[in-house]
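Lifted from TrEMBL, the feature list:
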type	residues	note
DOMAIN	43-329	domain 'G-protein coupled receptors family 1 profile'
TRANSMEM	31-53	transmembrane segment
TRANSMEM	65-92	transmembrane segment
TRANSMEM	112-137	transmembrane segment
TRANSMEM	149-170	transmembrane segment
TRANSMEM	203-226	transmembrane segment
TRANSMEM	267-288	transmembrane segment
TRANSMEM	308-330	transmembrane segment
């Protein structure tokens with residue numbers, strides 16, 4: 001990098017977003033709003049995991065929902081830790097370990113990795129829910145607990161292997177604060193290899209795989225809606241029927257009403273809700289990623305303050321996505337809904353006593 005280019009990159013650091021504005025936004029968004037939102041996500045996901053454990057992991061859907069709750073807990077917990085690091089930076093500026101490096105990079109990347117995994121688990125659940133309407137008699141044979149576990153292992157392993165080299169090449173170094181001072185700060189330094197792997201991992205997992213999961217969700221949703229609309233027209237005809245085999249292998253005739261689940265309309269709303277949540281929460285992240293790779297010299301550090309602001313907004317939407325899952329479960333899983341209502345009734349009775 002030439003000296004002129006380095007000067008231009010340094011000058012562009014405060015373009016559009018000044019240091020004072022960035023400090024104010026970091027304090028108001030990262031430490032305050034995002035911290036409260038992350039804490040809410042941690043609590044709701046703990047409740048989710050406890051409820052699913054009590055319901056027992058009997059089906060592939062329950063295993064997937066438990067994995068999604070655990071992943072979302074991981075995402076919100078790392079984000080809460082990142083917010084605490086920013087708070088330490090404000091309260092304790094002479095900390096021997098750089099809180100900005102920990103919160104702004106290490107924990108933020110862990111949060112980012114967990115969110116990408118969460119999106120793929122949501123995609124897997126959306127595919128299974130789609131098959132419940134499209135092919136209700138084959139869903140139990142296709143989506144078993146073992147296959148669900150194997151798929152989860154593949155999702156976790158693939159994303160971990162893609163991002164591992166970025167942290168492997170990073171180094172912890174002690175940086176002196178002043179020439180006449182013995183005080184130094186422990187920071188993470190990323191060399192050229194780490195920077196290259198970071199860009200590659202972001203393109204593969206953050207853009208490529210993420211777009212694939214988004215497309216799969218849209219396809220499943222569209223296919224299910226088309227199937228439900230076509231069968232709803234036939235349902236009004238009492239003579240319409242479907243031949244299926246019962247457990248004894250005997251051929252029996254069932255109407256479309258009996259073939260499809262009576263909760264299919266709620267199922268459509270649930271899948272649409274999942275698609276909308278993932279899509280909306282992905283928009284700021286895709287904008288930040290596109291800006292980083294398409295804006296001139298942005299991947300070399302140009303427009304630093306603007307990029308920090310864009311990524312902070314995208315992280316907020318990621319946390320929102322992982323904090324709203326409890327409301328999705330209340331519509332998706334009837335057992336979870338009954339258990340949740342039972343706990344609410346128990347708490348109400350205890351308060352009355």
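Even glycines carry a Cβ here, placed using N, Cα and C.
Since the structure is predicted, the reported quantities are computational estimates derived from the model, not experimental observations.
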| field | Contact call for the transmembrane segment (267-288) and the transmembrane segment (112-137): at least 3 Cβ pairs under 8 Å, seq gap 6+ | value | yes
| request: Establish whether the number of Cβ pairs under 8 Å between the transmembrane segment (112-137) and the transmembrane segment (203-226) reaches at least three, counting only pairs separated by 6 or more residues. | output: yes
| request: Take the domain 'G-protein coupled receptors family 1 profile' (43-329) and average the pLDDT across it for me. | output: 78
| request: Quick one: find which recorded stretch in 31-53, 65-92, 203-226 has the most Cβ pairs under 8 Å with the transmembrane segment (308-330). | output: 31-53
